[in-house]
There are 2 protein chains.
Amino acid sequence: MRKSIATVSVSGTLTEKLAAIAAAGFDGVEIFENDLLVCPLPPEDIRAMAADLGLTIDLYQPFRDFEALPPPMLAAGLERAEHKFRLMERLGADLLLVCSNVSPLAVGDDALAAAHLRLLAERAAEHGVRIAYEALAWGRHVNEYLHAWRLVQMADHPNLGTCLDSFHILSRGSDPIGIEAIPGEKIFFLQLSDAPLLAMDVLQWSRHHRCFPGQGNFDVAGLVRHALNAGYAGPLSLEIFNDHFRQAGTGRIATDGMRSLVAVERELAGAAHPCVPTGFAFTELAATGELREVLGALGFARTGSHPSKPVELWWQGGARLLLNDTGGDAALIAIGLDSPDPGGAVKHAESLLSPVLPRERAPEEVPLDAVAAPDGTEIFFCDTAWLGDFGPGAPVPGQITGVDHVALTQPPHYFDEAALFYRSVLGLRPQESLELPDPYGLLRSKAMSTGSGVRMVLNIAQVGAGQTPWQHVALACTDLLAIARELRAAHPELLLPIPGNYYDDLEARHEVSPELRELGVLYDRDEHGEFLHLYTVTVGRVFFELVQRVGGYQGYGAGNAPIRLAVQHAGQPMMGG
Amino acid sequence: MRKSIATVSVSGTLTEKLAAIAAAGFDGVEIFENDLLVCPLPPEDIRAMAADLGLTIDLYQPFRDFEALPPPMLAAGLERAEHKFRLMERLGADLLLVCSNVSPLAVGDDALAAAHLRLLAERAAEHGVRIAYEALAWGRHVNEYLHAWRLVQMADHPNLGTCLDSFHILSRGSDPIGIEAIPGEKIFFLQLSDAPLLAMDVLQWSRHHRCFPGQGNFDVAGLVRHALNAGYAGPLSLEIFNDHFRQAGTGRIATDGMRSLVAVERELAGAAHPCVPTGFAFTELAATGELREVLGALGFARTGSHPSKPVELWWQGGARLLLNDTGGDAALIAIGLDSPDPGGAVKHAESLLSPVLPRERAPEEVPLDAVAAPDGTEIFFCDTAWLGDFGPGAPVPGQITGVDHVALTQPPHYFDEAALFYRSVLGLRPQESLELPDPYGLLRSKAMSTGSGVRMVLNIAQVGAGQTPWQHVALACTDLLAIARELRAAHPELLLPIPGNYYDDLEARHEVSPELRELGVLYDRDEHGEFLHLYTVTVGRVFFELVQRVGGYQGYGAGNAPIRLAVQHAGQPMMGG
């Protein structure tokens, strides 16, 4: 299917937008009027630039507050439209989006509205222009897509059809099945956006919080399916108003939009994710002496070394860490995922526009392909062969059973991109999404999981506190209190100190062992089970969490995160300075 | 009246918060539980620290989801409360805020709720604790303040009273007059916050967008008056949840909170602003050669010099500019306001905690006192004597009649502080507040005015685009087209180029003279009249606008600002580099 995007969806000047949209592989654009008005180039030059870039101009938008005004105002509206038709001729655009009237002067009279729309379509026809009439979710009288379609039917002009917009339909909770009642050729245009479910005024929701399909909570692909069933054959066009997209990189957001449409197409084709990862093969850390000290205290030890790179395998139980002497600060730099089909996983990632990373290796080594996650972390797809590079070592015995989850701080403005990456490229599904206070702002946190095996937590400084790009690896164990006792006895300086006030509150809420307080272990419970966890101090950008899930506990102890954040911000004793 | 503030209202650790709150002059604090939980100090130390700082702990909060749960859950709730009572004894707090239950398990049974509250009060009494019961605006069954009061009456225990919160009352549109029906001694606590009017879920509105009294749209002082009429004698206590306050300077926000309460007290005392400025005496600019060139082109010329400082007076018609050779980039550094009582204005500003700036001057010079505005601009209060410093010069003839308005970019997170400063310290009233797109974000813009004489526009990069702290001086004239013709002929390079596409759109909307397009003049109209304006290029941080108001036009041409912003961002020919 052809793919298009409204220029308002990305940042920059109109020429920057068009270049980035073309580079991302779109077939066409909607020209958003304000982008044109502020552009120093005349319409003819924009037309030529789009043509040079291989972009069709699929829509000019929006034309507002026209239909069903008191009849004396009709002439002025038609005159205004004539100006736009002439402009569109210069621009080489033949489809105009007309939004349902929001003016308090508009009259709630379907016959009048339809008559006006017919007049408009007649005038448009003289210029070779067609009109796509859309119900805004906050239209004064027309705010349901089937109402807009009814008016189009009443007006009955070949140059008049309807425009469907997933936000305007789904934000109102309307059932999109009614789309199938509209003849496909009368659906002149289809605009797609997703959004998180927010309880707020729909106009503000629309203007600030739309996002690409797959980044929010709407079933956008399901809506597209109805349009295809109706016979719609036009482009899928993204139209996003989003505060983060406005200030993010133009090319990066355009590419992410394309990724979202490819994912919609895959979903429409009924394609299951070809190779959902089944577990963490390894996590790779830029290592320092201090990091080795913490890992040693946690019972890890070197069990192998890479033949040609300064990389060691530290393996305990089911948890494998690669320590890479990069010379830099301690940081999490790569994640290896157990994949049922590593080659297929890379192809899948590539089809979703994920950059496949060049990989240097000696000929005798095991090939490993990686893609870059939005925060720069390298994601490897592995079968078990990679372990061969590190020799015949076996895991050291210990109480760590594996990696429970990995938490990564996302770069500003790219949280939605990250959510879409982990969902579409890796096959993780969104779990809880939370807002957590720290002393200088609010953290947004979103958990994603395959359901078994791979859990990720994406964090971002939503309000303030942007200077703390912490990453952490949560290690699973079956007897956290035993480990905590050993650590507390041997290496108390490596554990994050937890305020006594936390335990006063915890004991007011739950009956818990006094040992939690003595050991600095945090506690949570849900309706499925219990969660015990503790944190190490931070080394470079990294800290470790030890977690024990009891029963079927589903969460991540997020309610305790503000405690951790406050202690971390207050500056716990950092190793090595 | 005693003044208090909840620790959640400012950023930082609990110890940072307490120090800043004391330094701002508050008498007491509400300890917000999460601030205590994340604090490494035990309650006894926090108590001692507050005492050392001269702060009373007026309230501990919040205790949630207690009343009207199914009876089997009562014992657990009372047990939880016992923990909190013991904590409060350690903390030295004797008043506990209990919020109306939001749990889906809560029962809509007033008798049950009252019985539970009575039990709680009985237990509290054993610890010397009193209970202040508050209706949250989103409480499951109790969400109106008079409903909470009814339950307090039913429970009928001396240790049980009600807490009133202006947000919870006014956000629901409840009439605060009912407060006067509550005996003052049963109003155990009064929490104050303001908020802008937003159409959104009240919980999200409350958690992110509260602000200090005078910064939003609520009549907070009116509500306080009802409480005083009822006989309330406790503290006025600020409780703010605000995304900007969370990341702003702790001391600065605490001081701003104190300013807001002083302003509330003034309003309660019926004190009119003692000396609202009547006009712009001067605007002072850090000058460069390029700036002089622009001003010369606009018809200004030097008419005097300061005897001891490198400051010149450039005076045309009713507009006086001071050019100060600071050696730095061109910038607006001070504003002189015509004041009916300069000494009184400074005293008033000082009473509102505005920093009075030290002023060095020679003994023979005219004394001029200034305060610092939130963005660092110096605000001088003037009678006409200051002109004497610049000798006997008279204005050069010209078409500029005065300063129409001054627009200043506010520092991040301090927009609300600026609004309160201009309102309370200078006596300006808020006008329109708008959100304007630029190519890389959204600008928030708020106009304020005395109604005549002094108009200010406060701008802030709300989304992205934070690196453009532009300032501008809008000069009034009576024949803008005449000036534009001269400028276009003699200095076309000094005028901001306006895209032709803007005029295509303007001509579609209004019948305007084609001369606007030729001259690069922008146009707006409202129901009162018309507005013609044009912009110069930017020099340093400053540009100039020429404006002509026709009829009773009230606005600032804000609809055209996105055009200006796009051209400015695209990089118009900057003078001198």
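Using N, Cα and C of the backbone, Cβ positions are placed for all residues, glycine too.
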Using only what TrEMBL says about divalent metal cation binding by A:E134, A:D165, A:E239, identify which of A:Q61, A:Q191, A:Q204 is listed for that site too. A:Q191
Cross-ref TrEMBL: Mg(2+) site A:H472, A:E545; candidate in list A:H348, A:H405, A:H413 matching that site is A:H405
Hey, how far is A:Q191 (divalent metal cation binding site) from A:E545 (Mg(2+) binding site), Cα to Cα, in Å? 44
Around the Cβ of A:E134 (divalent metal cation binding site), other Cβ atoms within 10 Å, all chains included, total 22
Take the mean position of the Cβ atoms of A:H405, A:H472, A:E545, the recorded Mg(2+) site. Which other residues of that chain put their Cβ within 8 Å of it? A:D404, A:V406, A:A407, A:V457, A:V473, A:A474, A:L475, A:F544, A:V547, A:Y556
For A:D165 (divalent metal cation binding site), the same-chain residues 6+ apart in sequence with C-beta under 8 angstroms from its C-beta are A:E134, A:L190, A:Q191, A:L192, A:S193, A:E239
A:E239 (divalent metal cation binding site) has its Cβ surrounded, within 10 angstroms, by a count of other Cβ atoms equal to 27
What does DSSP give as the helix, strand and coil breakdown of the domain 'VOC' (A:402-537)? 40 helix, 57 strand, 39 coil
Around the recorded divalent metal cation site (A:E134, A:D165, A:Q191, A:E239), other residues with Cβ within 8 Å of the Cβ centre, ordered by sequence, are A:L97, A:C163, A:L164, A:S166, A:F167, A:H168, A:F189, A:L190, A:L192, A:S193, A:S237
Provide the number of Cβ atoms within 10 Å of the Cβ of A:E545 (Mg(2+) binding site), excluding the reference atom itself. 21
DSSP-derived structure type at A:Q191 (divalent metal cation binding site), helix or strand or else coil: strand
The number of other Cβ atoms within 10 Å of the Cβ of A:H472 (Mg(2+) binding site), counted over all protein chains shown, is 22
Can you check how the pLDDT averages out over the domain 'VOC' (A:402-537)? 93
